[in-house]
Amino acid sequence: MTATTVSAGPAGVRTNSETWGRFSAAGLVVLLLVAPLGIYPVFLMKLMCFALFAAAFNLLIGYVGLLSFGHAAFFGTGAYVSAHAAKVWHLDPLLCVVLGAVAGGFLGVLVGYLAIKRKGIYFSMITLALSQMVFFIALQAPFTGGEDGIQGVPRGMLFGVLDLNKPMAMYGFVLVLFLFGMFALWRIVNSPFGQILKAIREHEPRAISLGYDVQRYKLIAFTISAALAGMAGGAKSLVFQLASLTDITWQMSGEVVLITLLGGIGTMLGPVVGALIVVTLENYLAAMDFPVTVLIGAIFVACVLLFRRGVVGEIEHALRKRA
Amino acid sequence: MPAPDIILQAQGLTKEFLGFIAVKNVNLAVKRGSIHALIGPNGAGKTTVFNLLTKFLTPSSGTIRFDGVDVTNEQPAVVARRGLVRSFQISATFPHLTVLENIRVALQRRAGLATQFWRSDKILRQLDERARELISDFNLDAYTDTPAVDLSYGRKRALEIATTLALEPTMLLLDEPMAGMGHEDIDRVVGLIRKAAVGRTILMVEHNLSVVSNLCDTITVLQRGEIIAEGDYATVSQDPRVREAYMGLEEA
């Protein structure tokens, strides 16, 4: 799969899109601040967790050109580790989420180290195979609770003072985590390192011929992506007070691919919009008899056939063309 | 041991692909400061030799020494960092980066601005001055903020060479720099290569003997994976085996 949706236009256009980017980022923050007044907070928190998960995944596919098909392993590991830290060790919720991110990142180093030796579909297959191994470990290991998962995870008291069982407190906590993750990704993409990642995505042999050790750059990106996916998983386990096998299945890896593709690969806001679409559909259709997967599959087909750049990608493209 | 004025030396270079010998016992010595051409008809093994020298392929046997160091078993990025930098047959630019950004990517590594993922890319502006100099050298001023993908073929070539020179390499390896070009463009690229050759060594792979006639000091002719002649243009063009190789091609 090639990912060339993102591109820096000529200087004039870029200044416009930079302004547009800031404007839409500010809009998103305002929206998320007022949204819980009218919308069920748990839904919004789920949305933010999946948006962050997809944004972390997007760092690889959108900015390095690597399609990981095993990102649920990092999301799920983050969820299990955070849940365990909260329920068994009774740690501070922030520390639980940090531990989830560290666990995701650590697993990311291992998986990434093995997977980046290969390219294209082989890379994807290795990530899938390794994530299936992690799935079976989660199924068998004593601390994950097997089929039951880890249930009744306490949300705890943030810094010992803020009771996260209050919906608004929890919402604020997740919002801060989400904004931190998105900021980190934005910073990475627009950093000297991000510039080299884009160069690798654009023409890997050329980057090598310029003396860049591309494997190292890929591994760093993979690790960061896995850590943020772990953080998203950790936050999710505190929101739902549950870490389960669902978080770590290959279907979850597929879902994050879908979310990112739908929203727009290689765009900052694409994963957020994609998550909004998919999570909304899943939530509102869950009560109906109509199978959600059929509808999501149909949307996926429509996306590939009609708007390959994804929702945000198409909008950006239209804006750039007008400019 | 190579003589001190030999910058790149390959000895007994052989590459076999599943029983097919693409390159057979090639001995090549490139003098420091010269423009050296490696030519031969289609399928002579030029590109294979080229990829062996830049480590994009591993030789089945033989050794490669660059600047007195045995680089036979080194990774391509390491060889590049030693100052032996290659170009590609198909213009190798970063298509969706601007001309300025393309050159900055080459400058970033030496400036130590490549791995910082926590800093703003605005810091890269300190490289702009040097990048703009190179852009001017290759008459790309008007295209500084144009994505490379939108450049004409000849300008992509110019950008590629400018990017390569940003590394300040000791030696350049050019893979068919004139491939797919018209006459005007060829003259232009010959000019670019002369410009790049100042104070450097160049080894270029070329298909066409006449193109390299007045550009190169030494010409090595390869056929079916073996060297059949070497010398200046006058010597090589008179060689009966070279004439046969090229005549044979023309008849075909």
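Just so it is clear, glycine is given a Cβ too, placed from its N, Cα and C backbone atoms.
Here TrEMBL flags A:20-43 (among others) as transmembrane segment.
For A:50-74 (among others), the entry in TrEMBL reads transmembrane segment.
Within its own chain, the transmembrane segment (A:94-114) has Cβ neighbours under 8 Å at 70, 73-75, 77-83, 85-86, 126-127, 130-131, 134, 156, 158-159, 173, 177, 218-219, 222-231, 233-235, 237-238, counting only residues six or more beyond its boundaries. The annotation transmembrane segment is assigned in TrEMBL to A:94-114 (among others).
Annotation comment: TrEMBL describes A:121-139 (among others) as transmembrane segment. Within the chain, the transmembrane segment (A:121-139) has long-range Cβ neighbours (under 8 A, six or more residues past its boundaries) at 66-73, 76-77, 80, 107, 110-111, 114-115, 146-147, 245, 248-250, 253.
For the transmembrane segment (A:168-189), the residues of the chain that approach it from at least six positions outside its boundaries are 25, 29, 32-33, 36, 41, 44-45, 48-49, 51-52, 55-56, 58-59, 63, 93-94, 97, 155, 158, 162, 197, 221, 224, 228, 231-232, 235, 238-239, 268, 272, judged by C-beta separation under 8 angstroms. Marked as transmembrane segment by TrEMBL: A:168-189 (among others).
Feature annotation from TrEMBL assigns transmembrane segment to A:256-278 (among others).
Within its own chain, the transmembrane segment (A:284-307) is flanked in space by residues 258, 261-262, 277-278, 313-314, which lie at least six positions past its ends and keep a Cβ under 8 Å from the stretch. The transmembrane segment annotation in TrEMBL covers A:284-307 (among others).
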